[in-house]
Structures are given as C-alpha cells and as structure tokens.
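Colleague: For reference, TrEMBL lists these features for the protein:
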TRANSMEM  50-70  transmembrane segment
TRANSMEM  95-113  transmembrane segment
TRANSMEM  133-154  transmembrane segment
TRANSMEM  166-188  transmembrane segment
TRANSMEM  200-228  transmembrane segment
TRANSMEM  365-386  transmembrane segment
TRANSMEM  398-420  transmembrane segment
Amino acid sequence: MPKKTCSSHNDCNDHGDCISDKCSCDLGWFGDKCNKNGIDEWGEETWKTLVIVFSIMFFLLFTLALTKLYKTINSDKHWGINRTFVRLFRSPKHLSLFYISLVGALRGIWISYDPYSLNNKMPRVGDRLLCEMVYPLLYGVYTCVLLVWGGLYQGIASKKTDPFRILRRVLLWIMIISFPGIATLSILKGMRYSNTTAFILGSVCVGLGIVILVFGFILFTVLLFCYIDNNSKKNDLEEGKLYSATLSEAQPMLTTEKQDDIPLTPNLFRRASQIFMFNESVNKNQEEVLADRSDDEWDRNIYQKKQSRTWYSFQSEDLFEDSGKFVRTNTKYESFSIRYPSKHGQVSHYILNLTKEDGVVFRKIVILSTLSAILGISVLLLYISFTMSNWGDKPHGTLTAIYVSFSLELFSCVIIYIVFTTQIKVEAKERLKFVTRICIDKSDKEAIISYPKNLAHIGDKLYYYF
C-alpha cells in the first residue's frame, strides 16, 4: 500500500498538488512534501550558469528577430499603423518573426527573474503563465511554416488537385485557439485544478493539435519532395529532347579558332541558344535605336563602332562557359529558330516548373524547416511530459530535461529565423540578378549605370548599349 504523504494541497508546500494522497511536485522542487529546492540539489553555481547562458541567448534571439522584423516591415515608404498591422498579420514570415521575438522576450524575462519560483519571487499562477505561454508561440511559428508550404503547393499544383485549403484553415484556427487554450491550462494548473475534467480535456486537445501539426509537416514534406524530384526528372527529359532537336542547327554555327572540336554539352547549348535569340532581337531593334538619335547629338560612326565592339565582345569572348573554362569563338551572327519538342498532349500535374538550381534551393529550405519542426515538436512533447509526469524524485534528470528543453527551443527558433531571413544564393543566377539604375541627363545623353565590381564586364556592355 503506497505511503500517504498528503491530505490536501496545503501539505505540498505550495509547490505541488496532492494527487492520490501523494504530492506531485512542480518542476524544480523535490521531496515527499515538495520542500526541497532545486538549487540546493543542483548547486548554486550550476544553476547560475544555466540562468546566465540562456538569458543571454534568448535576449539575443529577441533582438535579432525584432530587428529583422522592423527592417522588413519598415522597408515600405508608405508607413502607417494600420498598414503595419496588416503587413504583420497577413504575412506568415512577419508573423513568424514576431512570434520568435516574443519567445525570446518571454523566455529571457522568465529565466532571468525567477524560473519555477525557486526563490519564491513569483506566484505559482504567474510562473505557469510566463513559462507556458511560449508553447503556443512555438506552435504559431510552425503553423506559419505550414501555411507557407500549403500556399506554395496550392500555387504550383493545378486547381483540380487542391485538397489542402481545409487543412490550412484548420491549422490557422488551431493556432488562434492555442493561445487562450494554453493560458487556461496554465491558470488551472497554477490554481491546483490539474486533476479536473477541464484540465484533462484541455491536455487532450493540446495533444490533438500537436498530432495535426505533425501530420501537416509529414504531408507537405512528402508532397514537396515528390514535386521537386518529378520536376527535376521532367527538366532533364525535356532538356535532352531540346538538345537533340537543335543540335543539327546549332553545331554548324559554332566554329572555333582551335582545330579540335568542342563537345556541345547541354549547358553549352543552353548558353548558345540564349545568346543567339538575344542577338536576333538586338538586330531587329538596332536600326530603330540609331534612327532615334540625330547626327547633332551623336557621332553615328563612333556609336556604330562602340556597338559593334560591344556585341562582338559579348558574343565572342564571353559566349560559352563549360567546366569552368571560357572558349573564344569566331561566330557568324546569324539567327536561327529552335524547335521545341512537343509534349504529345500531356498535361503536367503542376502549373509551375522549377529549374535545377531552384530545386536545390527548395530542397534546402524544406530540409531546414523539417529539422526545426522536429526540434520544436520535441519541445512540445517535453511540455506534455512535464505536465503529466512527476519529477519529484529525479533531481538530476530534471536538470538535464531543463537544459534539453531550453536548447531545443533556442535552436528550433534559430533555424526558422535562418529559413525565413537567409537567401540561399545560386551562383548561375546571381550573375543576372543585380539591379541596374540608369539615369539619363537630357543635356548630354550619357548613361550612368550602377553595378557590382564582379559584374563590371556586363555593366560596361550595358553602358555602351544605352
């Protein structure tokens, strides 16, 4: 027969609940009557180290997330309170950064002040609220990730295969309901009503919300990875058909200075076809451009000389790049048509096709988000374990669980911060994705072009053209 240690909640030193004539101590309190402080069990230096390290880390997380959110929202020149709120709550990225900043602020304040009421500075209800309101914020962060994934898949999939609108709405409503739900559970636990039907029902609802979140992540992860793989295979197939269909037309036009033939690989062919099509459009518009400039303003001979030198340099010196080596050519600037292979009436399941580089970026983002979701869901499961289990006789295990919980919360938020704020650059596309600002003075008609130093060769060509 189990030993009777309590008859009411008052027998548990105000740091536990009397359940089945036995004290179930709060986290950080030990003993038969919850009268042993966790600091005495772990050591004051160990506890101070935990408090200092995690306080700094969570406040740093708060600062980074809030700074990034402020810069992102205030990038719009038309500033206003209503406009700011609209941009904050209608964007999953902004809302996620806002939640992450709140996680850092609440955790930093709670840890630095009096976590688990070990120094009796905070009432039990206040301690539970300040501690456990972080969990709906984490749930909201991952709901924002799923909303982004759902909207992304909803945008790339055809309308006939869009069964995810209901799931997105369910996740959105669960995110909204989780805040008052967790607050109610925290108040009930702080007032020692953890053995009531309302508390048990609320705990079941929390578990159900976590199950739906896990289901959503598994579903969208599988769907997005299948989309990336199918799109990659489709691009390889179409690229091979395009390469075979136009090889006979492109090969005679690629005569080089060297005696040895250069193999026309798909990457080499893609670059050649882009330049030939671009040259065709330039030839059509060149006469119109020259006609718009009078002889008084421009010396036609100098302009034509610059124009000829520019496009010759563009096409002969920087035409091909294969395996990291540039190949000089003496190409005749003739236009040719490209025969695209027919799809034989096949309709794609998706309405958006990704390139190989986009697929790599897409895959990295999904992997990072999934890793962060695993960490965050582990934190939510630990929360349920803390709520349902009795840690009163496991002081060292409790300290380890606290370390693990704080670390998982921190790293999961950091990964989501990285996913939403860091741009994964693709080298092939960064050569083309730079901003050119052209200001033409009416008096001298000279172009002023701004460009990075590593793209100076392209910037000079733009200067000659304009």
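Don't overthink the numbers, they just go from 1 along the chain as shown.
Glycine residues also receive a Cβ, built from the backbone N, Cα and C atoms like all the rest.
Keep in mind that TrEMBL annotations are predicted by a computer and have not been checked by a curator.
Where in this structure would I find these features, and how exposed are they?
Modeller: For the transmembrane segment (50-70), the list of distant contacts is 88, 94, 97-98, 100-105, 107-108, 111-112, 115, 399, 402-403, 406, 410, 413-414, 417, 421: same-chain residues at least six beyond its ends, Cβ to Cβ under 8 Å.
Sequence-distant neighbours of the transmembrane segment (133-154) (same chain, 6+ residues past either end, Cβ-Cβ under 8 Å): 92-93, 95-96, 99-100, 102-103, 106-107, 162, 164-165, 167-168, 171-172, 174-175, 178-179, 181-183, 186, 209-210, 213, 216-217, 220, 223-224, 227, 366, 369, 372-373, 376-377, 379-380, 383, 409, 412-413, 416, 419.
Within the chain carrying the transmembrane segment (398-420), a Cβ under 8 angstroms from the stretch's Cβ atoms is held by residues 27-28, 30, 38, 42, 46, 50, 54, 57-58, 61, 64-65, 68, 93, 96-97, 100, 103-104, 107, 111, 134, 138, 141-142, 145, 365, 368-369, 371-373, 375-376, 378-379, 382-383, 385-386, 391, all 6 or more beyond its ends.
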Colleague: For the transmembrane segment (365-386), find every same-chain residue at least 6 residues outside the stretch whose CB is under 8 Å from a CB in it, and list them.
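Modeller: Contacts of the transmembrane segment (365-386) (Cβ under 8 Å, skipping residues fewer than 6 from its ends): 27, 132, 135, 138-139, 141-142, 145, 149, 203, 206-207, 210, 213-214, 217, 221, 224-225, 228, 401, 404-405, 408-409, 411-413, 415-416, 418-419, 424.
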